[in-house]
Amino acid sequence: HRPPGASHLSSPTTALLLGGMQGTPLSANDVSSKVIVVGLQDEGGSNGSTSGGVTRGADIPISAAYPTLTPPPRKATALKGSEEAGFVSSDLVFEDKTSPTLSGTHVDGDVPPPIKSDEIVVEGFPASSEDGTGGTPPNKVDFAHGMKSGSVEQHEENWDDVSGPFLGNWSRQIVKHYYYILLALIATCLAMSIFVMYGPPDERCTPGATSGQMTVCDQTPYDWSLPYGNASLFKDAYLNAIESVEDEFKTLTGGTTGEVAERSATAGDFSITWIFQHEDGSDSTIFTPKKVQAMCKAEAVVTQHPLWKYYCPLAADGTCAGQMLSAVSRFYPTSQDRVDCALLSQAVIDARGAALVSNLLTSTNGFFVNEGTVEGGYTNATRSMLQLGQPLKGFTGEEDAKDDQRLVYRLFAKGFKCGSGGKVKLHDGSKFKGFEVAGPCEGKPEGHEVVGVEQKVFDHYSMEGFPASGQFQGSLRSPYFTMPLIELEGESTLKSRFYSGLFQQLEFDRVVNGDLNFAILSVATVFCYIYFHTRSAAIATASMFHIVISLPVGYFFYFNVFQYHYYSQMHILTIFLALGIGADSVFVYVDAWKESGKMHTIRTNAGRLHFSLNRTAQSCFNTTFTTVMSFVATCLTPIMPIHAFAVFAAIVMSVNYLLVISYTPCVVYIYHLHVGDKGGCCCFCNGASQTCRWQEHSEQDTIEAREADPAYKCLCYSKGERNLPKPVVISEESAVRRTESQDERESLETLLSRMGKVEHFMYNRFAPFLCGKVPNAPFYKKPVACGVILFFFGYFAFMISSAAQLTPPKTEELWFPEGHMHNSDFFKRLSDGWKGTADNQYLRASITMGVESMQRPHYNWFFPGRERGAVEWDPSFDLSKAEQQAFFISACDAVQQHDCGG
């Protein structure tokens, strides 16, 4: 019918279809859920461009007819059905749910049935066909303009239906209770994290610790061994057999029974070794008065340390014994001389130096000189070693509580703080009860710091790291990157490098702390990129919380549920996995949420959540599941630290996924309600740029949710009026019908307008290059794609071939870069190129007989240094029998006659 007050209509048969009463002017409050203006033509088709019963080019002055009709705008959408079925202008398709009274009442008997609420669909219009009788509308719309070729599928899924068993129901619950769900998740994660940080630890992991489960365990020499391999079992059987019959063994071998005297032997593993050489590499003697004096002062830093008297080997009279492998002791024979380090005359240096380079093959002198040194000649480099004594006070032998002894040696290198009463406590149950009465903490207040030997050596050579002090000293730049050089007046500079197994372990700790700083930098970088991608600091902050919190939450299950109590530096690497996969999952959800706001088939926020959750849950499950299963496969390794790391990583990845589909939807939905269409904080950033907004205007569903949101009312409701969507006036120009080519171009432009720069590149450049310009073409017309597939098949074959040729490493692993003091050249020089061996002894090998098996009833794989088991004797072993005696003698002869290739 003709609307009241309309100036004209293009055709008498043109109809204005509104879901209201005939002839009644409508206001914005009376508009039903859909208002669609289409042109209809009668059978005669007297006016306008027609096709399949649809008038094109109808000019409708709707603004004049209904000046008060100003519903919120909606963007253009393609109609379901044939292109000939008609076109709905983007300016004439609206959605407003302010009035439930107008919902599909027809004003003309020829008008088709009402439009569905879940799709913008015009039903009942005849689709064009070659015979003019109509046909079934296709489910694809081809675009002929602006596209090489292709089609866009219409989505039939009703995302507003949230009655599904899981994702749909979960979406409905989030929309109803988003604050409660978010607070419950945050509280649960924080509670687990706090329990992990302050809960009861496993003392087997960190001796002496009283709180904190997520603490790096003390390392032992057994961590990376194969505990159930023959090499490990045989060694344990030998050591346990010796320990079990220690007194009998010592009697047979001429030793003394009972406990080993305190520090009566040397601990070679913890010795401190120097290498002295000319900095310019000159070929002249290293033994000059000034250089020997500089060597003496370097060793005096250790021997004059207040802790030295508790660690040095002891002589019969209880004083520190001489150091046979110290080059300085050859020039300064008395302990007082080594304290004073006076400058010796050239004559004394020459005489004592000559004695040092004599008898090179029959004494320990070969330890101090280069391999090329000849008898009576000179050496241009030397090395010197200070050895520590063992067993320490309170221990009966080298193997007695070996882990505890190692921790006590570590105190010597690292230092410690004095406890109450001037005592030093290692941990409960330790045999180490502190130093003797006149110990280093005697008379010192609680908390007094005793500086370790390593730091004293650093100070002597002016070696400083960054930071220079504190818990993370040297974590960014190690002091070992400063080469210790001693400039001598009138002589070449003395290059002095030093090493100890104790120092190396402390350096490993510094490296790990440095890597933690890079992890913090990685967190900051990922935060910045999330902010760049989402245009929201709030979303970036909340996302980083969920990524980082997944580690302690995962550790809660790792430690308390799965009972894995081993935690090493390797576990810290999991943060990089969580950052990568967690950030990617956030991107998937946020992009899906933004896309749902442009889909006119989705009417509600619950529908948007349903769509976003469905896409994220499926795509992220694929990536998370494959990652988790790769770590599950890694769990098969017999190497304990790698196994534990794989379990922890798999748990963290699983927790990360669960938070993505539970925590992230709540955060994004709250952000949408408060600031999604304002480009920033709803209270302070109302004038933010459009580029920061996730959507241009608020929908009615969002407005209603805001009215029911107490937090929104409290914070921003009073300011909400200026953020309401602006009314859109429909002009005559906007109502003009478009041609068929314009229709197709608009559909394409609508599709492309949703794409970013990356999507445009992939669509216009990469996809045609990779797959060809003709879709669904046979494979031989896609040369680039075929070439890529062939390349990766070849690369796969090459990698399989290379993997089959892998062999164990033939050299020691190098842990530090070339600029580090402990580089490859230093380690090579430490043991090679000298006349004598490090301690002038051969490597000992043992053959054990009479042991049937090794029993480990209380052995824990995650604490390999403890409870390693006991031997079970072979009842048939009896050396009183002649045949066993003969076998024993033949075994000894075989060993003695074996050619070692030297």
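Glycine is no exception: its Cβ is also placed from the backbone N, Cα and C atoms.
Lifted from TrEMBL, the feature list:
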{"type": "DOMAIN", "residues": "576-670", "note": "domain 'SSD'"}
{"type": "TRANSMEM", "residues": "178-198", "note": "transmembrane segment"}
{"type": "TRANSMEM", "residues": "516-532", "note": "transmembrane segment"}
{"type": "TRANSMEM", "residues": "539-558", "note": "transmembrane segment"}
{"type": "TRANSMEM", "residues": "570-590", "note": "transmembrane segment"}
{"type": "TRANSMEM", "residues": "645-671", "note": "transmembrane segment"}
{"type": "TRANSMEM", "residues": "784-804", "note": "transmembrane segment"}
Mean predicted confidence [pLDDT] for the domain 'SSD' (576-670): 93
Intrachain neighbours beyond the transmembrane segment (178-198), with Cβ under 8 angstroms and 6 or more residues off its ends: 211-214, 549, 552-553, 555-556, 559-560, 659, 662-663, 666-667, 669-670, 711
Close approaches to the transmembrane segment (570-590) from elsewhere in its chain (Cβ under 8 angstroms; 6 or more beyond its ends): 512, 515-516, 519, 522-523, 526, 529-530, 533-534, 539, 543, 546-548, 550-551, 554, 612-613, 615-616, 619-620, 623-624, 627, 641-642, 644-645, 648-649, 652-653, 656-657, 660, 664-665, 668
For the transmembrane segment (784-804), distant same-chain residues with Cβ under 8 A (at least six beyond the ends): 769-772
